[in-house]
Each structure stands twice: as structure tokens, then as C-alpha cells.
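Trainee: Encoded as C-alpha cells, here's the structure I'll be asking about.
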Amino acid sequence: MKLVFCILSTLLGTFAYNPDHIAGTTPPYLVYLKSDYLPCTGVLIHPLWVVTSAHCNLPDLRVILGITNPADTTEHDVEVSDYEKMFRHPYFSVSSISYDLMLIKLRRGIKHSYYAKAVKLPQHTVPVNAMCSVSTWAYNLCDVTKEPDSLQTVNVSVISKAECHNAYKAFDIRENMICVGIVPGRRLPCKEVTAAPAVCNGVLYGILSYADGCVLRADVGIYASIFHYMPWIENIMKNN
């Protein structure tokens, strides 16, 4: 099936997992976290701070803003920064998707520009049925050994915890989680960069912890609810 999908995608000239996806420039808050292992997605929330999933605590991370195609080494208007320190949530465990959040303090502040701008943080929970933009990078399925080469965004809605539980019966969907996507997901080949953000009306409400499939094709994803972690986020930023 993967081979057929690869051939069709090559003929059509696209590797979009969802026909409703949006391709284009990188959202100014979106961060590509490059490592010697696997990349992750992050979000700029302050000139000195990036938030991502705790499972992205990977060796030799480099923080890259403004990049559309990580496989293109000639891309312009890209800003690269080293990090000073990582702060994983103290309750995070690799055996669970709970508390899957991490803050990264940059070595130097990112200058506000068209290509780099911090996203707003939430002051309340996100309502069910709210429309959100989920962005991350997709891999070319014909050669997943290379860097991902396609930035994509899909607009999907927040679903209820009951709907989410129906999609993920093996998981305990807690108050500090939100679920975004379509039930049920579509079982097509896909590979994307993990830790995609859910931004609703310009506000960051979620960071992806888990998805059985790919969020770029609108499969349901379980996200850390940023609002529920605001006390921890504010405390780390204030004291470091």
C-alpha cells in the first residue's frame, strides 16, 4: 500500500495526507527542532522560550525558525539558535502521555520579525468545536531517510472527551488534555514530525502528545492542554 501511495503521490506531485491541507509559509511561531536522532516541532512563546513535548528531549537540539522545507539547505530567512537549558515537566514519564510538556530556554533572544513571532498563550480552556490550525512537517514517503520536506497545516476542530475516549479507549483522557481531529481517522500511509501545535484563533491551546496516525490528515490527536500548564510555564519562565 505504501508503494502504491508513493507512486500516486509522485505522479500527482504532492505528499499531502489530507486534501484539505494548506501548504505555504511557516507560521511565525512554528519552530523546527533538529537533532541527531529525530526532529520535533516546537512553538515560540517568548523571545527566549520555546514549548514542545517532553518526549522531544533529544540530543544536540538546534532551534530553527522560519523554515518551510528542512530538506532544502539553501532556504533563506531562516534563524538558528542554540538552547541554554531544557525543562521537562517533573511529572512526565516515558511510559505515559500525561504531563508531556517541555520548555526550552534559548541562549539568545529571537528578534520579532515577519518570520519569527511568539504565539499568544491561553487565558481559559478551549471550547469543544473550536476550530484550530495544526501545523507540522511531513516526510516524502518515497524516501523517509531524508529530512521532512513539506510544511503543511490542517484546520480541524476540538472534540469532546467522550468522543476522544471512543477513539482511544486504552487511554485515560484527563482534564489536562484536549483532543483535536476527526473520528475515526483515515488509515493511509503517513509520516510527520511529532509535537505539532494546535493554535485556535491565534492562541496556543495544545501540543501533540499522541496520535494513532497523522494529525495532518486530520486523525484525532491527544494534546497537552496548555491552559492547564500555565502555572508551571509561568513559574519556570519567571525563575529561570
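The count begins at 1 with the first shown residue.
Here the Cβ of each residue, glycine as well, is placed from N, Cα and C on the backbone.
According to Swiss-Prot, the protein has these features:
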- H55: active site, charge relay system (ACT_SITE)
- D100: active site, charge relay system (ACT_SITE)
- C40-C56: disulfide bond (DISULFID)
- C132-C200: disulfide bond (DISULFID)
- C164-C179: disulfide bond (DISULFID)
- C190-C214: disulfide bond (DISULFID)
- N155: N-linked glycosylation site (CARBOHYD)
- 1-16: signal peptide (SIGNAL)
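Map the listed features onto the structure and describe their local environment.
Mentor: Under 8 Å, Cβ to Cβ, and six or more positions away along its own chain, H55 (active site, charge relay system) finds V94, D100, T194, A195, S209. Classification of H55 (active site, charge relay system) by DSSP places it within a helix.
There are 27 other Cβ atoms within 10 Å of the Cβ belonging to D100 (active site, charge relay system).
Take the CB of C56 (disulfide bond) and look out to 10 A: across all protein chains shown you find 25 other CB atoms.
Remark: C200 (disulfide bond) has V126, A130, M131, C132, S133, V158 as non-local neighbours, by Cβ distance under 8 Å and separation of at least 6 in sequence.
In the three-state DSSP scheme, C179 (disulfide bond) falls into the strand class.
The Cβ neighbour count for N155 (N-linked glycosylation site), using a 10 Å radius over every protein chain in view, is 14. Annotation note: N155 (N-linked glycosylation site) sits in a strand segment as assigned by DSSP.
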Trainee: According to DSSP, which of helix, strand or coil covers C214 (disulfide bond)?
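Mentor: Note: C214 (disulfide bond) is coil by DSSP, not helix or strand.
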Trainee: I want to verify one value. Collapsing DSSP to three states, which class is C40 (disulfide bond)?
Mentor: strand
Trainee: How big is the Cα-to-Cα gap, in Å, between N155 (N-linked glycosylation site) and C179 (disulfide bond)?
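Mentor: Cα to Cα, N155 (N-linked glycosylation site) and C179 (disulfide bond) are separated by 13 Å.
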